[in-house]
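First up is the structure itself, then whatever we jot down about it.
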Amino acid sequence: MKRTPITLFVLLGVGLTLVLAFFVSPLASSAPDGLERVAIDQGFEGQATEHAMATGPLADYSVAGIHETWLSTGLSGVIGVVLCFALAAALVLAIRWVRRRPTVPTA
Amino acid sequence: MHIPDGFINAPTCVVGGVVAAGLIAVSVRKAAATLDDRQIPLAGLVAAFIFAVQMLNFPVAGGTSGHLLGGVLAAVLVGPWVGSLALSVVFAVQALVFADGGLTALGLNIILMGYTTCFGGYAVFLLVRKVLPKTATAVVGASAVAAWSGVVLASLVFTFYYAVGGTGGAPLGTVAMAMIGVHMLIGIGEAVITALTVSAVLSSRPDLVHGARDLRPALTIQTPAGAPAAGRAR
């Protein structure tokens with residue numbers, strides 16, 4: 001039984017993920033999601049307050065300064081994918097690193 | 001299903017933040033006990049994939065959309081402890097970088113969309129697997145049922161939040177019915193995406209699927225024809 005080596009498996013997975021984030025995310029429905037729909041129908045959507053990051057460079061999955069909507073959404077998706085991969089892998093790496101060294105040097 | 005700031009009152013958000021921090025601490029300890037090297041890139045891949053697919057809102061009914069939550073998918077692929085950490089990373093990135101999901105509601109969102117589906121949904125996965133034969137098809141089927149259940153469970157958890165600290169004064173009964181109703185539909189999308197993904201990974205690297213670890217001996221140990229050593233594996 002021939003197995004895909006894990007490095008290739010992860011690379012293929014990340015590649016597919018980047019394709020989804022860049023090419024498919026601009027096609028996503030922009031209709032309110034389930035919770036937003038309930039909030040609108042039940043009259044409490046007005047309770048939502050301004051998000052502290054609402055004017056941030058990547059707010060609402062768009063890249064500030066890029067006015068081509070699909071490109072802006074697609075690029076924000078790529079940035080999010082890279083960030084999530086790096087942070088989750090770093091977190092697990094850190095957990096393993098700490099476990100291998102029970103006495104963490106107090107730097 | 002990201003809760004924005006303001007839907008749930010401040011005291012409830014504070015309690016949610018404390019509970020979420022506690023759950024993450026437990027996940028870190030439990031994950032540390034079972035980690036192997038392969039889980040470092042896999043945790044990254046799971047977080048990245050769920051982030052990307054959460055962007056892909058699909059239409060469900062009358063001007064409404066839904067998106068993957070991903071907890072069952074994460075738990076089946078890398079186990080609930082590493083999976084819940086990967087999801088927490090996703091929700092933190094969404095709230096802090098993309099202004100999706102409130103900052104004060106981050107703890108509530110991590111419990112709602114992460115831990116509820118990762119553990120509640122995964123419990124359903126384990127139950128369904130118990131009654132089905134030990135085959136790859138059964139793993140895919142169980143992940144679909146669990147994914148649907150996880151979304152409906154999350155709609156119940158939101159209703160609980162709303163009962164405890166909801167603002168805006170909507171009647172609890174109608175909020176509950178509306179949440180459960182629309183998420184029974186959204187859950188179908190969750191089930192389809194989860195089943196397709198689990199099935200794809202099972203066909204290329206079955207050994208990397210945490211929720212199918214028990215299938216490995218049956219797949220690799222060869223016994224002479226007719227020998228009873230294979231036990232329950234048909």
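Heads up, the Cβ atoms here are built off N, Cα and C, so glycines get one too.
All TrEMBL annotations are machine predictions without curation.
If you check TrEMBL, you get these features:
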TRANSMEM  B:7-28  transmembrane segment
TRANSMEM  B:40-60  transmembrane segment
TRANSMEM  B:72-99  transmembrane segment
TRANSMEM  B:105-128  transmembrane segment
TRANSMEM  B:140-164  transmembrane segment
TRANSMEM  B:176-203  transmembrane segment
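Highest Cβ contact count with the transmembrane segment (B:7-28) among the listed stretches B:40-60, B:72-99, B:105-128, B:140-164, B:176-203 falls to B:105-128 (criterion: pairs under 8 Å).
Only sequence-distant pairs (6 or more apart) were considered; of these, fewer than three Cβ pairs between the transmembrane segment (B:40-60) and the transmembrane segment (B:140-164) are under 8 A, so the stretches are not in contact.
Where the transmembrane segment (B:140-164) meets the stretches B:72-99, B:105-128, B:176-203, the count of C-beta pairs under 8 angstroms peaks at B:176-203. Counting residues 6+ beyond its ends, the transmembrane segment (B:176-203) has Cβ neighbours under 8 Å at 1, 49, 53, 58, 60-61, 64, 66-70, 72-73, 76-77, 136, 139-141, 143-152, 154-156, 158-159, 209, 211-212 in the same chain. Sequence-distant contacts of the transmembrane segment (B:105-128) (same chain, six or more residues past either end, CB-CB distance under 8 Å): 1-5, 7-8, 12-13, 16-21, 23-24, 69-72, 74-76, 80, 83-84, 87-88, 91-92, 95, 141-143, 145-147, 149-151, 153-154, 157-158, 161, 211.
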